[in-house]
Amino acid sequence: MEHISTTTLIIILIIMVVISAYFSGSETGMMTLNRYRLRHMAKQGNRSAKRVEKLLRKPDRLISLVLIGNNLVNILASALGTIVGMRLYGDAGVAIATGVLTFVVLVFAEVLPKTIAALYPEKVAYPSSFLLAPLQILMMPLVWLLNAITRMLMRMMGIKTDIVVSGSLSKEELRTIVHESRSQISRRNQDMLLSVLDLEKMTVDDIMVPRSEIIGIDINDDWKSILRQLSHSPHGRIVLYRDSLDDAISMLRVREAWRLMSEKKEFTKETMLRAADEIYFVPEGTPLSTQLVKFQRNKKKVGLVVNEYGDIQGLVTVEDILEEIVGDFTTSMSPTLAEEVTPQNDGSVIIDGTANVREINKAFNWHLPEDDARTVNGVILEALEEIPVAGTRVRIGEYDIDILDVQDNMIKQVKVFPVKPLRESVAE
């Protein structure tokens, strides 16, 4: 290289550093890309995204290509730097060139391009793919040889090389992504997405109207009583049964009954029974996600929940499931819960023992245990493992609870002292 001028060698050296920076930045940019955004861009027809996605299908080949290119360029730059140093400073130039080149490569060919690529992966990766794609084809024999040697060495060390890493997200990972997307997703939409993810964890038992609260009509009652119940029913559908709810025979749409009553034709018990729909039964313990699909598939909106013995346990509707996703359609607190809860001036809350724990937690942002019992009475009995007497105080989690009234082996009323006053809990 004696016939090449020192200036030319320095220019070539600078070019080598730039090429090294290109390989370093390309590697970081490719590996830090958001794969899901990349797939979306590729599906939208973005050519650069398609090219990058194709390169990333074989990450081992891409990494080998980048390392081969980077190392070849750095070795060449080291040789050129040594020659330039010796020309300028003699034998001492070797040490000077080594120190200067190490600093230059470290800063300008490693740290700087990789930092920029990590901050702006798309702006680096997409343009880089224009050169990397043809380079990969050109250097395929060398890349293949390097990968073959690497795989052989890994097998010798007992490392498996045929492991396929899934690119799909787990539910917990998806939950984390939703939590961290507050700047892009509104709080309400965020809550809805998280609720959808929670549907599989919840069953119809968690949201059903308990058997004791199901309102139905005994068809053995006198006709005037039946008409009066239909006229004053606040529900869209009502269960028709014979003597006992366990002998439920059909589900009547109240609006259809009103329509028949308004017509000139005579509205009789037989007419009512013919207008009623067959009862749809839901097995106890069915996940909400499964039941929502079944409601849709069977074109049903309400079902009676039964246990393994066929006994009716409660009633569940499509609206109940949808409210778990989007929140209550009416008020922040259900009418039933509003009757069961009485806030006190001292920040405590008097609650009926039959109140649903999940509804209380949702309404007041509390954290009472929900896994083992559905009602306040059940939660306290589960904690005490005995029936308490009035005046007993129990601490469940962070809540002090006074037992106010016990009747018929059941806790009728309690007073809960939350850590934060009720207004603060609801505000959060």
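Placed from the backbone N, Cα and C atoms, the Cβ positions cover glycine too.
Listed in Swiss-Prot for this protein:
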- 2-192: domain 'CNNM transmembrane' (DOMAIN)
- 208-270: domain 'CBS 1' (DOMAIN)
- 272-332: domain 'CBS 2' (DOMAIN)
- 25-64: topological domain 'Periplasmic' (TOPO_DOM)
- 86-91: topological domain 'Cytoplasmic' (TOPO_DOM)
- 113-129: topological domain 'Periplasmic' (TOPO_DOM)
- 151-428: topological domain 'Cytoplasmic' (TOPO_DOM)
- 4-24: transmembrane segment (TRANSMEM)
- 65-85: transmembrane segment (TRANSMEM)
- 92-112: transmembrane segment (TRANSMEM)
- 130-150: transmembrane segment (TRANSMEM)
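Helix, strand and coil counts from DSSP across the domain 'CBS 2' (272-332) read 24 helix, 16 strand, 21 coil. Beyond the ends of the topological domain 'Cytoplasmic' (86-91), by six or more residues, the same chain brings 6, 9, 97 to within a C-beta distance below 8 angstroms of the stretch. Counting only same-chain residues 6+ beyond the ends of the topological domain 'Periplasmic' (113-129), those with a CB under 8 A from a CB of the stretch are 21-22, 24-30, 32-34, 37, 48-49, 51-52, 55. A Cβ distance under 8 Å defines the sequence-distant neighbours of the transmembrane segment (130-150), meaning residues of its chain 6+ beyond its ends; these are 22, 26, 48, 51, 54-55, 60-62, 64-66, 68-69. For the domain 'CBS 1' (208-270), the DSSP-based tally of helix, strand and coil residues reads 23 helix, 21 strand, 19 coil. Here the topological domain 'Cytoplasmic' (86-91) has a mean pLDDT of 86 out of 100. Taken residue by residue, the topological domain 'Periplasmic' (25-64) breaks down under DSSP into 32 helix, 0 strand, 8 coil.
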